[in-house]
Amino acid sequence: MMDELDKDQIAMLKKAFDGFDHEKKGAINCDVVATILRMMGQAYNAQTLKELIDEVDADGSGMLEFEEFVTLAAKFIIDDDAEAMAKELKEAFRLYDKAGKGYIPTSALKDILKELDETLNAEDLDNIIGEIDTDGSGTVDFDEFMEMMTG
C-alpha cells in the first residue's frame, strides 16, 4: 500500500504519526489510531476499529508501527482518490453524452482519443475502439469508458 501513496502523502502521515507518538516508541495505540482516523473524517465503533487494526497489525502487538499505520491510512486515502476520480470521469462522460442516453458513439470517442494523442493513426484508433467497445455495439457506455480511462 505504501507504494500507492506519493511522497507528500507519506510525509503527512509521518508527521501525524510522530505527533501522536508522544513517548517516541515508534508505535501508537488503538485510541490514538481512532483519533487520527476521526481527524481524517473516518469514525468507527470500537469493534470495527479493532477489526481494522487487527487486519494491519502484522506483529500482533496491538500497537501500530509506522508502516502498519500507513497501510491502514492508505486504504482511506486511496479510496478517497478513487472516488474523486470516478466523479470526475462521470462528469467528463456526461459532457460527451449530450443527449443523456448513457452512452457515447465510438466516433465521438475516436475524436476524444485523437485530442489526447495526436500521433494515433486510424488503425490505432480502430484497435483501441475494438478493445473498449467490448460488446461491439458501436457505442461506449459509462462502464466501458471507465474501464478505458482507469485501465
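Cβ coordinates are placed from backbone N, Cα and C, and glycine is handled just like the others.
As recorded in Swiss-Prot:
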- 44-79: domain 'EF-hand 2' (DOMAIN)
- ASP57, ASP59, SER61, MET63, GLU68: Ca(2+) 1 binding site (BINDING)
- 84-119: domain 'EF-hand 3' (DOMAIN)
- 120-151: domain 'EF-hand 4' (DOMAIN)
- ASP133, ASP135, SER137, THR139, GLU144: Ca(2+) 2 binding site (BINDING)
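Here the features listed in Swiss-Prot are painted onto the structure.
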residue	record	contacts (Cβ under 8 Å, 6+ apart)
ASP57	Ca(2+) 1 binding site	MET63, LEU64, GLU68
ASP59	Ca(2+) 1 binding site	GLU65, GLU68
SER61	Ca(2+) 1 binding site	ALA27
ASP133	Ca(2+) 2 binding site	THR106, THR139, VAL140, GLU144
ASP135	Ca(2+) 2 binding site	GLU144
SER137	Ca(2+) 2 binding site	TYR103
For the domain 'EF-hand 4' (120-151), what's the mean pLDDT in this predicted model?
83
Provide the number of Cβ atoms within 10 Å of the Cβ of GLU144 (Ca(2+) 2 binding site), excluding the reference atom itself.
20
DSSP output for GLU144 (Ca(2+) 2 binding site) maps to helix
I want to verify one value. Collapsing DSSP to three states, which class is THR139 (Ca(2+) 2 binding site)?
strand
